[in-house]
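Colleague: Structure incoming, see below.
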């Protein structure tokens, strides 16, 4: 298996710089965006951040946009693989752990935090073996497999919802500051007149079931006093527009909403999936919701997420099945006619909010990192990053190499690379 690490960006630094915090996250926005939120807080405090992700995954496109150095491993998930690939998984994982160890020796992080994703497993195991302080943040109520494993030897286990782990610290999921700063629900919603404003969120990829169920439910209601704003994803935009047109429902269909704070402030009610980040935003904004969990989500984690809001009377949960349009019609009929119920749900959501989650996570990371030495060495590194670094494993010799410019240094196959006197690797 080839193992690669791409340093997407590196700055010229002084001879002695504060060692970074390393973030392990990738695969989906649900893992990446919380990591980016925490990275923003750390960098605002003068703490450098580096990232470890999976080769070719979403994080390789998103993280460099934020000017954060990223290394990647050639690793993928194990769920749903055939028997032959599963039998070879231990070898691939150990190679990935070895490559992750190389990255850690190169970056010399003062602390490592996993938000989940394919690369987080090897990265977390390497951090443990090298003695770097390891923390875990689990966004969902049903923990992912990687964070389940890493939680067993992490120094601190942080969660977005209570009840995910024994001994957890429920700090919440990070949300954008502009969403957390919205006025209280009563200030926005009390006495509001005109059509009821329904915001539909399908996520970055869109949600076909919502594209079909919302127009069908609204036309069955025959409710003219409804204003719909539907975020559907670029790929499903034409489909969503056609569904509303066929139903005779006037809706603003958008592939992407740039200003989510303004969208939440506009809405009287939200219809959406139940991803952890979306629910954190609903609570921070203080808005009631109708939640339709993604039926194929791993371990049905979206239903577990939704149940937390339902238990607080902040949301209504509808299962995704053939009866969804009828049940959605019934729920909307009740909620559209009851502004007091909508306000009550919004207030309940706001009581669940943890708007300072990113700050709290950053505080805990730095508590564990300390201001001095840790298992990875001194608190400062004299490493001089190259403009571009590539790591790969030679398939024939199973050796790990580092290419920096025109120079090539080969490392014999061993558990971890040899550390140079300057803090790099050779």
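Cβ atoms here come from the backbone N, Cα and C positions, even for glycine.
These numbers come from a predicted model, not from an experiment.
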Colleague: Quick test of your reading of Swiss-Prot: among 369-388, 389-408, where does it put region 'Disordered'?
Modeller: 369-388
Colleague: Note down the number of other Cβ atoms within 10 Å of the Cβ of residue 257 (UDP-N-acetyl-alpha-D-glucosamine binding site), including every protein chain shown.
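Modeller: I get 15 for this one.
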Colleague: Using DSSP, would you call residue 257 (UDP-N-acetyl-alpha-D-glucosamine binding site) helix, strand or coil?
Modeller: coil
Colleague: Out of 28, 140, 302, which of the binding-site residues has the smallest number of neighbouring Cβ atoms within 10 Å?
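Modeller: Each of the binding-site residues 28, 140, 302 was scored by Cβ atoms within 10 Å; lowest is 28.
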Colleague: Based on Cβ atoms within 10 Å, give me the single least packed residue among the binding-site residues 29, 30.
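Modeller: Comparing Cβ neighbour counts within 10 Å for the binding-site residues 29, 30 gives 29.
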